[in-house]
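*Asks:* In case it's useful when we look at the structure, here is the feature table from TrEMBL:
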BINDING   28-33, Asp52, 60-63, Lys76, 121-126  ATP binding site
BINDING   Cys162, Cys165, Cys437, Cys440  Zn(2+) binding site
ACT_SITE  Cys177  active site, glycyl thioester intermediate
REGION    556-632  region 'Disordered'
COMPBIAS  558-580  compositional bias 'Basic and acidic residues'
Amino acid sequence: MGREASITRIIGPENYARLQHFKCLIVGAGGIGSELLKDCILMGFGEIHIVDLDTIDLSNLNRQFLFRQKDIKQPKSTTAVKAVQHFSNSKLIPYQGNVMDTKQFPLHWFSQFDIFLNGLDNLAARRYVNKISQFLKKPLIESGTSGFDGYIQPILPGITECFDCTKKETPKTFPVCTIRSTPSQPIHCIVWAKNFLFNQLFTSDQSPTAGDSDDNDWGTDDKEEISRIKQETNELHDLQQVVHRQDKAHITDILKKLFIKDIEKLLQLDNLWKSRAKPVPLSESLIESTRYDHDSTDLSAVWGLEKQINQFIRVTGKLMDRISQEQYNIEFDKDDQDTLIFVATAANIRSHIFGIPIKTVFDIKQIAGNIIPAIATTNAIVAGLSTLTSLRLLNLLPYDKASSGLDVNMAFTARASNLSKDRYLSNPKLAPPNCNCAVCSKVARGVIKITIQGLEKLTLSQFIEMLKKQYGYPSETSLIDTSDQRLLVDFDFEDLLNRTLSQAKLRDGSVILFSDEEGDEREMYKQPLELYLDVVEDNAAALEVELPSLQIALFKPQKQDEKEEQEMTKEKSPANEENKNGIVILDEEENRGEKDNTATKRPRSPDQTLQDTKKAKTSKSSEYAEDIIELD
Ligand SMILES: Nc1ncnc2c1ncn2[C@@H]1O[C@H](COP(=O)(O)OP(=O)(O)OP(=O)(O)O)[C@@H](O)[C@H]1O
Ligand SMILES: [Zn+2]
């Protein structure tokens, strides 16, 4: 019996024929993505496109079953496709690239698909695909796993909750002073070694004061301490020069600076040690007597202090050898043994000084690489659920009387949902959109088709007039380029009004936010409008600019106290429950690619609600703040 027989029996010959014309996009070709690819082929999708930005690592092989040893360093997407081609009746198209790259993947590229299936590992990309699905009103199945736990969340734009309707856990952050002055746990020393020391020494774009901005969450008001931290960073910049000169004779200077001089300076700040044990600097003689050593072997043993020091010297020398070949920009990678041992030994020496337990290199790899054990079977279960649910979202189940998308289910494993201890899987119904969600509810959304000529001819002033006329906005409005959080125009910033859209750096893939900024006296406001600029061939559109037809709702701004009350009584959705347990974003790898800058200039806002919408747009940065040291 052919593989078509089973699926035809379930969905019927007509629906099977329809399925063979459907195109799906799989985002990510890792643990879940590889499984999705196999499942979509076996089910009979007509075309399957798969995107991944990465190449294959040794550590992927235990669960990403399409990859073999010989594939290490090859692109994941093309390798996955090669591995399944022989049993595929579907047309398979791989892409190596970042799904958030609007040049490689403009909006009109996404519009060819009937459904998106996520197999991602980071919040930024998940959010991005969610937004694309909202712009295009196309279904998305979001998913994730962590060890034995997993979930799928089908998303039908306008009908169900979107990915951003519930708050997501963000990576754990620490105040600067804990990391730089008063560590008390191994993790503090690991973050110091990885996010501060390693970057300062081996990453070229570290200015002397990078990371020491005045907006920092210092975790202290002690001016003396803050100024010590800033001075320490400046001095470290000098050590970067030792590294760049590949001056191996002075590696011990790095040790003396970090683990003797800096600690002695810290000890002078009496305030810090009133209720804490004082750190004990290394002795100069210990550093002097320790020399270059052979390769480390046992990464799962706890090394003594001397071994930590000599391994620090050894790998720093190796990294110096590499630095010029790698354009003075070596990145920390948990699978790159030199960078791992550098971070591990630096963290451990610091731990020793502060009386914190020493960890094995292997332990530090787990923590610094933010590794959550991945279980192949959980990935298989979650991808299977995702693929099967796609049949419902595409209306391919003949007996499915689902009149609204809310009849579709999410799926959570027991621990992830906390709904039932008796069953492995719970499958609650989907919730409607959260009316406070800045992605799917508070903001109207549409796609503007514009030709290159249009971009080059139309001024911001003409463009804003067009928007006002088309959607009935009042005379005071603001326009923000959300791609880089730039304020383009508002009531007291009109410098760019006569610039053309392209002079204002708007281009294919820019997402702009247009808001009603009329004075406080009005009761009702026009909803903010988020528009995606889809640049089309000059001859493809009849007009230079084609605005989407949209109904922009009016809304009454909520008072702050009403809002607070609402927050308190906010309904508990399974996803909310899950967030509390910290499992909804599974296998998180934060901060890949995207960094947001806060708009330097904020438009005046008539009420807090609007402001919130904008904050969500202009200062997502709080979640990706550069100024707080983060564990990614
Ligand atoms: N913006 C993005 N564009 C395209 N692919 C992405 C993007 N972000 C993440 N990915 C891909 O999503 C996949 C997620 O797979 P998975 O969770 O198994 O992670 P992994 O990197 O393969 O494994 P691990 O992190 O455990 O070493 C990865 O292959 C990753 O390259
Ligand atoms: Zn939403």
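Just so you know, glycine gets a Cβ as well, placed from its N, Cα and C.
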*Asks:* Near ligand 1, which of the binding-site residues Gly31, Asn62, Asp121, Cys437 are found, taking a Cβ distance under 6 A to any of its atoms?
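*Replies:* Cβ < 6 Å from ligand 1, in sequence order: Gly31, Asp121.
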*Asks:* Provide, as an integer number of angstrom, the distance between the C-alpha atoms of Cys162 (Zn(2+) binding site) and Gly31 (ATP binding site).
*Replies:* 23
*Asks:* Around ligand 2, within a Cβ distance of under 6 Å, which of the binding-site residues Gly31, Asn62, Cys165 show up?
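*Replies:* Only Cys165 meet the Cβ criterion.
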*Asks:* Once Cys162, Cys165, Cys437, Cys440 are set aside, which residues in the chain still have Cβ within 8 Å of the Cβ centroid of the Zn(2+) site?
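*Replies:* Apart from Cys162, Cys165, Cys437, Cys440, the close residues are Asn130, Gln134, Glu161, Phe163, Asp164, Pro433, Asn434, Val439, Ser441.
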*Asks:* Between Ala124 (ATP binding site) and Cys177 (active site, glycyl thioester intermediate), what C-alpha distance do you get in Å?
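*Replies:* One finds 27 Å between the Cα atoms of these residues.
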*Asks:* Based on Cα distances to Asn62 (ATP binding site), point out the closest of the recorded positions Cys165, Cys177, Cys437, Cys440.
*Replies:* Cys165
*Asks:* Cα within 10 Å of Asp52 (ATP binding site): which of the recorded positions Cys165, Cys177, Cys437, Cys440 qualify?
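*Replies:* Taking Cys165, Cys177, Cys437, Cys440 one by one, none has a Cα falling within 10 Å of Asp52 (ATP binding site).
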*Asks:* Quick one: give me the count of other CB atoms within 10 A of the CB of Cys165 (Zn(2+) binding site).
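*Replies:* Result for Cys165 (Zn(2+) binding site): 24 other Cβ atoms within 10 Å.
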*Asks:* What are the sequence-distant neighbours of Gly28 (ATP binding site), meaning same chain, six or more residues apart, C-beta distance under 8 angstroms?
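*Replies:* Set apart from Gly28 (ATP binding site) by at least 6 residues yet with Cβ under 8 Å, we have Val51, Asp52, Asn118, Gly119, Leu120, Asp121, Ala125.
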*Asks:* Sorry to bug you, but what's the C-alpha spacing from Cys165 (Zn(2+) binding site) to Cys177 (active site, glycyl thioester intermediate), rounded to the closest Å?
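*Replies:* Counting only the Cα atoms, the answer is 34 Å.
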*Asks:* DSSP secondary structure for Gly31 (ATP binding site), reduced to helix/strand/coil, please.
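*Replies:* For Gly31 (ATP binding site) - judged by DSSP and reduced to three states - the answer is helix.
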*Asks:* Give the number of CB atoms, excluding that of Cys177 (active site, glycyl thioester intermediate) itself, located within 10 Å of its CB.
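*Replies:* Cys177 (active site, glycyl thioester intermediate): 21 neighbouring Cβ atoms within 10 Å.
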